[in-house]
Amino acid sequence: RWFTHFYVVSVLWNGFLLIWLFRAEFLGESLPSWIQDVHHALGRDSQSEDMGNEHFSALLVLLLLWLHSCRRLAECLWTSVFSSGVIHIVQYCFGLGYYVAVGSTVLCQVPTNVRKGKELSVQICWYHIIGVMMYIWASLHQHRCLAILASLRKSRSGKVVSLSHSVPFGDWFESVSCPHYFAELLIYVSMAITLGIHNVTWWCVVMYVLFNQALAAVLCHEFYQKNFSSYPKHRKAFIPLV
């Protein structure tokens, strides 16, 4: 349940960054000086020409990230039923820092010296459409899977009746033990596509999510196999058929 704090921080911080980028995109305002200082430190403002639709792509990805955080916060508050499990203080602090850093990472993909405060035109490209469609598809499945997990601890009337673990069925649970983790990976991949596929920095974020979610999925998969003798043997841990 302490993951709720991560999404509160993400909604507030990434919402703040989204407003700044929106104002730069459509109102022609310059980004704050501290953001430009970060760009300078990273060598980002040394570019001499615009790299296509980086401004709009970053705005779109930051919007998707913010919407993802809003949905996850709502699910933590009104959908999920948490047990009495605890979280390590190091993991808790790292999680808070991660959601601050990931939004800042998106913003730092925008060159600051190209437009010089001029209003930008919006050009929707094929990778924006594919990325957003994949994002919606993965988000819907993640919500369904989280709702299935929550329903295992609720009665038909919606009242919480148990905090114990049970074997989930339905949707992507028929293929993998942790489809909500797999959907999380797909959501970050969809953002990589939305950024234009070529963004190496964001693919590094995707690789982090891959290893982080895979580790958690394997541990969860082993828990199911150890505690439920009739657990479906055809299910994989994280990625279907892998």
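Cβ coordinates are placed from backbone N, Cα and C, and glycine is handled just like the others.
Per TrEMBL, these features apply:
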DOMAIN    126-242  domain '3-oxo-5-alpha-steroid 4-dehydrogenase C-terminal'
TRANSMEM  6-22  transmembrane segment
TRANSMEM  86-108  transmembrane segment
TRANSMEM  120-138  transmembrane segment
TRANSMEM  185-211  transmembrane segment
Distant-in-sequence neighbours of the transmembrane segment (6-22), which means Cβ under 8 A and at least six residues beyond its ends: 31-32, 35, 55, 58-59, 62-63, 65-66, 69-70, 72-73, 76, 95-96, 98-100, 102-104, 106-107, 110
Overall pLDDT for the domain '3-oxo-5-alpha-steroid 4-dehydrogenase C-terminal' (126-242), taken as the rounded mean: 96
